[in-house]
Amino acid sequence: MDTSCVHMLLSLLALLQLVAAGSSPGPDAIPRGCPSHCHCELDGRMLLRVDCSDLGLSELPSNLSVFTSYLDLSMNNISQLPASLLHRLCFLEELRLAGNALTHIPKGAFTGLHSLKVLMLQNNQLRQVPEEALQNLRSLQSLRLDANHISYVPPSCFSGLHSLRHLWLDDNALTDVPVQAFRSLSALQAMTLALNKIHHIADYAFGNLSSLVVLHLHNNRIHSLGKKCFDGLHSLETLDLNYNNLDEFPTAIKTLSNLKELGFHSNNIRSIPERAFVGNPSLITIHFYDNPIQFVGVSAFQHLPELRTLTLNGASHITEFPHLTGTATLESLTLTGAKISSLPQAVCDQLPNLQVLDLSYNLLEDLPSLSGCQKLQKIDLRHNEIYEIKGSTFQQLFNLRSLNLAWNKIAIIHPNAFSTLPSLIKLDLSSNLLSSFPVTGLHGLTHLKLTGNRALQSLIPSANFPELKIIEMPSAYQCCAFGGCENVYKISNQWNKDDGNSVDDLHKKDAGLFQVQDERDLEDFLLDFEEDLKALHSVQCSPSPGPFKPCEHLFGSWLIRIGVWTTAVLALSCNALVALTVFRTPLYISSIKLLIGVIAVVDILMGVSSAVLAAVDAFTFGRFAQHGAWWEDGIGCQIVGFLSIFASESSIFLLTLAALERGFSVKCSSKFEVKAPLFSLRAIVLLCVLLALTIATIPLLGGSKYNASPLCLPLPFGEPSTTGYMVALVLLNSLCFLIMTIAYTKLYCSLEKGELENLWDCSMVKHIALLLFANCILYCPVAFLSFSSLLNLTFISPDVIKFILLVIVPLPSCLNPLLYIVFNPHFKEDMGSLGKHTRFWMRSKHASLLSINSDDVEKRSCESTQALVSFTHASIAYDLPSTSGASPAYPMTESCHLSSVAFVPCL
């Protein structure tokens, strides 16, 4: 049948279709010729769009309408495409066969598809381009063959495709460019050969593709290019050679006079020669970052009048800023990761249209005046070596909106450095060496970063930044001026209270509130609430203040304040009294008294640390934000934290030693054994002190730091090193308490009933037991706090944590001496002995100053001697049990060098 007959038949069929469609079908009616399970809709009045995608079909539907203009058979299981099955679809313009299992397409499969414009065959199992099936599809404009396994392209497979504009051959297994197959595609405009295995591009590989505009060759294995491989591509505007193995600069691009966008980043190119782009005057964008570039010709980027974007990242061997003469239209310049140490003074004369300047990760030390770059909108100079910002550096940059100077060594900024930047909204000066910050001209800022400048401790008034939305400061105290932590705390508390109520309760509460208040009260209430919300949401400042970074009061509550003052006063006074009675008494100091005296001395240090914190709270009362950063970073906070940890650990270690000493002493006394010499005990005491000193020094060496909070204590939460340090302390101290408990349990179990009361110094045994019990009870909250932070248990409120750290932790330092003063009879005896000794010393001193006769002198001397003998005789005691039948194990004489511990009844 000839062509004229075919056209007549088609016209007749169209007329019959129109007659059959005499009345419009309803919106839900299924058009005629629609296969079952497929979705069909009209395309105009005659043509039909058929969607049979993702139905699990294994073959083509047989009852397709001849007026089908769109057929989607993608995502099925079709493995064969019979010849001539689609030949009736002469109106078909788009055929989708993607995502099937096609391995071969026979000749004649697309015969009769004279109107076909789009053919999609991607995501199949094709191993070569169909040799004859695609020929003579004269209307075909777009062909997708990507994501197959194609390794061979027959030379004549594309013959007759005179209208083909777009060809996808990416994500296949091609090893070479199919030069012969492309010779018939003179109308081709865009082609991608990306994601293949191409190693080399031969000369004239695209010689006949004179209309090609876009060519993608990225993600191949290309390591070399023919010197004339791009000859013939007279219309090429975009060339993508990214992610290949190129070792040399692609000099073949010199013939691409219309090239506008060039990408060859992520290769192995080590140098860019002089006048590298001399044949590409139309270049607008160049991307060649992530190459190990060691050399860039000074004139490489000259005379590119259309160049808009230049990006060079990771060129670590570039030390000189490139000359950009004749590239005056450059708008974006990115040269990062190099070793550029200076900029030419005339950089803005060469780049008057520059809008984005990114020179981050270089070695810039000084900056020229950039006032000539009037169009600059963004400057990124982070991670350089800049020390000073001069007044002329950024002058009159009226369009500058973003300035990043983070991670430099900036210590000096001219007071007017930012005074002529009216459009600046983002400024980043984080991680520098600033001690002051100029605010002139920054009233339009919305984002400000100053974090990492530890020397910048002064408060910055919020009135200088009326438009500010986000700010990052070196310390939380500087955020107190931007929002007020009191408002945040008040609103959050109110919301927390309401969280526990049901919706009905809240409605009732609101209704009652409105009924009780008159209009004036309601307006005042709403105004206050709006002010609170404004204060809460106006500025997002970080790090935000909180219970451990307070704005007004260090201690927060009066309960903590009174507790700290009470602890400090009692610890200082009572421990001083105990130490005085122990070390200043004329009597011999026994081993247990030595331990009690040393414990009193270290508890004085704990009292000193609490007293210093109390003094800081009093000095900064109501205005702690002004002094918080100074206090945290100062030596005073380090000393307070060191003394606190040292005193706490020393007290526990010495108490453990006292418990062991009592057990050993009772054992020796019951067996009439000689006790260990006092020298050995002193050595062990020194060892305990050195161990506590080592533990207290660890935070000073790094990791867990004392200045993490104004409380000057390693908090049991936050950084893992801090948590680990606190947990290690808890485990060590728990071990000490366990040893003490075992020692005393063994001691009591080894004694028969009533035997303890007969011991010569049972009051000291009971006293150490009382200290053990009290200290163990007080340490339980500390241990629980540390382990709860380790387990991420967050139900403990900050006020409770502060109370434990500030009151419970130092409480043993005042409780230990109080227990000794109130309950231990040795204290009364020591006080009496100290009083007698003091009175005797005063009388002796008074007598030496008077001039009296010899009789009076002899009389007074005799009385004094009698008093001394009487006193010494009354104070003699022995380190052996006072049993009637036992004789001393060694000779004893009443000498001042003998052990002198008074016998005291066991209470």
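Just so it is clear, glycine is given a Cβ too, placed from its N, Cα and C backbone atoms.
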Shared topological domain relative to the membrane, Asp633 and Thr723, Swiss-Prot: yes
Listed residues Asn63, Asn707, with the one flagged N-linked glycosylation site by Swiss-Prot: Asn63
Cysteine of Cys541, Cys551 paired with Cys479 via disulfide, per Swiss-Prot: Cys541
Second cysteine of the disulfide that Swiss-Prot assigns to Cys637, among Cys551, Cys574, Cys712: Cys712
Candidates Cys34, Cys52 - disulfide partner of Cys40 as recorded in Swiss-Prot: Cys34
Intrachain residues whose Cβ lies under 8 Å of the repeat 'LRR 4' (139-160), provided they are six or more past its termini: 98, 114-132, 166-175, 178, 180-182, 184-185, 192
Paired segments the transmembrane segment (594-614) and the transmembrane segment (724-744) in contact, 3+ CB pairs under 8 A: no
Chain residues outside the transmembrane segment (683-703) and at least six past its termini with a C-beta under 8 angstroms from it: 594-595, 598, 602, 638, 641-643, 645-646, 649-650, 653-654, 657, 714, 719, 721-722, 725, 729, 732
Local confidence of the prediction over the repeat 'LRR 4' (139-160), expressed as mean pLDDT: 96
Residues of the parent chain within Cβ reach of the transmembrane segment (803-823), under 8 Å, 6 or more residues beyond its termini: 555, 559-560, 563-564, 566-568, 570-571, 574-575, 577-578, 596, 599-600, 603-604, 606-607, 609-610, 613, 644, 647-648, 651, 711, 713, 715, 767, 770-771, 774-775, 778, 781-782, 785, 907
Within the repeat 'LRR 3' (115-136), residues counted as helix, strand or coil by DSSP: 0 helix, 4 strand, 18 coil
